[in-house]
Amino acid sequence: MSQTFAVILLLLIFLTHLVSSLIQDFSFIGFKKASPNLTLNGVAEIAPTGAIRLTTETQRVIGHAFYSLPIRFKPIGVNRALSFSTSFAIAMVPEFVTLGGHGLAFAITPTPDLRGSLPSQYLGLLNSSRVNFSSHFFAVEFDTVRDLEFEDINDNHVGIDINSMESSISTPAGYFLANSTKKELFLDGGRVIQAWIDYDSNKKRLDVKLSPFSEKPKLSLLSYDVDLSSVLGDEMYVGFSASTGLLASSHYILGWNFNMSGEAFSLSLPSLPRIPSSIKKRKKKRQSLILGVSLLCSLLIFAVLVAASLFVVRKVKDEDRVEEWELDFGPHRFSYRELKKATNGFGDKELLGSGGFGKVYKGKLPGSDEFVAVKRISHESRQGVREFMSEVSSIGHLRHRNLVQLLGWCRRRDDLLLVYDFMPNGSLDMYLFDENPEVILTWKQRFKIIKGVASGLLYLHEGWEQTVIHRDIKAANVLLDSEMNGRVGDFGLAKLYEHGSDPGATRVVGTFGYLAPELTKSGKLTTSTDVYAFGAVLLEVACGRRPIETSALPEELVMVDWVWSRWQSGDIRDVVDRRLNGEFDEEEVVMVIKLGLLCSNNSPEVRPTMRQVVMYLEKQFPSPEVVPAPDFLDANDSMCLDERSGSAGEFEDFVDSARFYSGPNETTTSSIFSFSGKTRTDPR
């Protein structure tokens, strides 16, 4: 009995280390529902707006906010610190307009429990008996009070701290413009500031950058040559610490990206939560005082105020009301004039594409070099727009390097416009299905795209505070950025629900050829229905064709059946896209085809989870040896397609009723079905 208990205990310890080792990156755009992923202590709390408030305007208090799971900073058995990258947005609102303190720090520590630490100049990291810290730690401090004990250079500086509050290197706070001009930056000015910290383990160099904007500066504010291998342990905790002294400030964290496998993405500052700043309250009091004085001023000043009021009223009348979903999404709402100018009046030259949902335009935001994609919802798709807006209020918080980011929106009367990251290389389907594409994707590029999409789907299913089912995974909704990374886009059909709960049944929406058979039978959503669609994408990338090709030979009509027949006959190379000219990694191609068949199985119990798919693609698991049959059927007897469509992959339907064909073994149903009821185009 005791031996069994010991084995179980060892297994649990192993699984815990395995989970922590898989965590390479995370992203928070606001923290409204992030409390399960954070360890907060001291006076730290999550404000109603979704920002972390580390300290209040109370003297001599501390606050900590750490990611709840440890991060592996060294490979197993190797004493070498790995590279890491993080970006985060902070704001410090002082108790008095020009006086506050003490500051905050990004910290990497052996434990998230620092409750024995002191406030004031120790920033909640150390106490007076631990200045020579025996347990190693690393921090980047944003200090707003000069302390002679630690030889601070001034009361507005950034410093790198290693095992001590006396900075190894520090510099006055500031940032660099694109023309290399350095601008001063006041940390405790109540302004949102973004920070980037990048450690390169090969160069053994640490870079710190600041900016009050979304774009990452090219030049570093601090660049320090250091080997962190002797500082960081195998597993450490990452987070933030702040404190107040005789002077106090409210210290806020508005968003946070962390990455152990590449460069952390920059945060879009307009999309972050608002600061519940006491400065605003003081401003209102000052405005009331000014208003009282202005009543005693001359008739001329009064006339100017009246004219200004009329102008504001007219402008407010022209704007649509702000609804609850907009407040939940975040503060950034683009003006209609701004987006009209960005897209050259929504001109045809800027048109990227159109569909049942409306049109998408390329735009360049005024006063910026940033390109965006602007989706203008058509009036014909007005039904369902309110439902879609309620989804946007949640989906707008999603942030992952393999998702197309929603930057903001605009409402003007009945118009609804959504603003996304611009993807300069278009969608994956153009490269796979166009007869004469300008560029033929190499296998290396295809495999990279597949892994990116899988990572994005894993984040949707498991990595956010709610489970997100995309419901329309297909090559046309995989967009490619400037570096040909695959990003999942078009969340117009997505559904969200709490982890562990039952999403229930819903109407069947999606694209013909990508719908899981159990979805079309019962309408019940699961993450496995997304896995089924991803299986089609895997086979599309390997074979260079759509799931259903009505112009193909009868035996090649249904891609899954065709691939399976070649697999059984040992002619699997025959299905590989001929445009690759045989230049591919055969082991990777076979693995992708195996995974495609597994994900496309009619039985959801056979399909892997996206976490398992990612581990296969990252070669953490060997390629599956046994691939069960996907369940055959005679597609000629089981389909009813419009011959003029050219490809069933172009259908975007929702199914009122469907008659299922039973395969040769008469025990399963196929994903290919004929409609016995009517088919309508879903307004998107």
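Don't overthink the numbers, they just go from 1 along the chain as shown.
Every residue gets a Cβ built from N, Cα and C, even glycine.
Record features (Swiss-Prot):
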type	residues	note
ACT_SITE	D472	active site, proton acceptor
BINDING	L352, G353, S354, G355, G356, F357, G358, K359, V360, K375	ATP binding site
DOMAIN	346-621	domain 'Protein kinase'
CARBOHYD	N37	N-linked glycosylation site
CARBOHYD	N127	N-linked glycosylation site
CARBOHYD	N132	N-linked glycosylation site
CARBOHYD	N179	N-linked glycosylation site
CARBOHYD	N259	N-linked glycosylation site
REGION	25-259	region 'Legume-lectin like'
SIGNAL	1-21	signal peptide
TOPO_DOM	22-292	topological domain 'Extracellular'
TOPO_DOM	314-684	topological domain 'Cytoplasmic'
TRANSMEM	293-313	transmembrane segment
Between the Cα atoms of N259 (N-linked glycosylation site) and S354 (ATP binding site), find the distance and write it as a whole number of Å.
35
Of N37, N127, N179, N259, S354, the recorded positions given in the record, which has the fewest other CB atoms within 10 A of its CB?
N179
Sparsest-packed among the binding-site residues, when each Cβ's other Cβ atoms within 10 Å are tallied, from L352, V360:
L352
Could you say whether, by DSSP, N37 (N-linked glycosylation site) belongs to a helix, a strand or a coil region?
helix
Collapsed DSSP category at N259 (N-linked glycosylation site):
strand
Identify which of the recorded positions G358, D472 has its Cβ surrounded by the largest number of other Cβ atoms within 10 Å, counting every protein chain shown.
D472
Of all the glycosylation sites given, namely N37, N127, N179, which is spatially nearest to G358 (ATP binding site) at the Cα level?
N37
Quick one: Cα separation, the residue listed as 'active site, proton acceptor' versus S354 (ATP binding site), in Å?
17
Going by Cα-Cα distance, which of the recorded positions (N127, N179, L352, S354, V360) sits nearest to N37 (N-linked glycosylation site)?
N127
Rounded to a whole number, how many Å is the Cα of N127 (N-linked glycosylation site) away from the Cα of S354 (ATP binding site)?
61
Using C-alpha atoms only, work out the spacing between L352 (ATP binding site) and N179 (N-linked glycosylation site) and round it to an integer in Å.
32
If you average per-residue pLDDT over the region 'Legume-lectin like' (25-259), what number do you get?
91
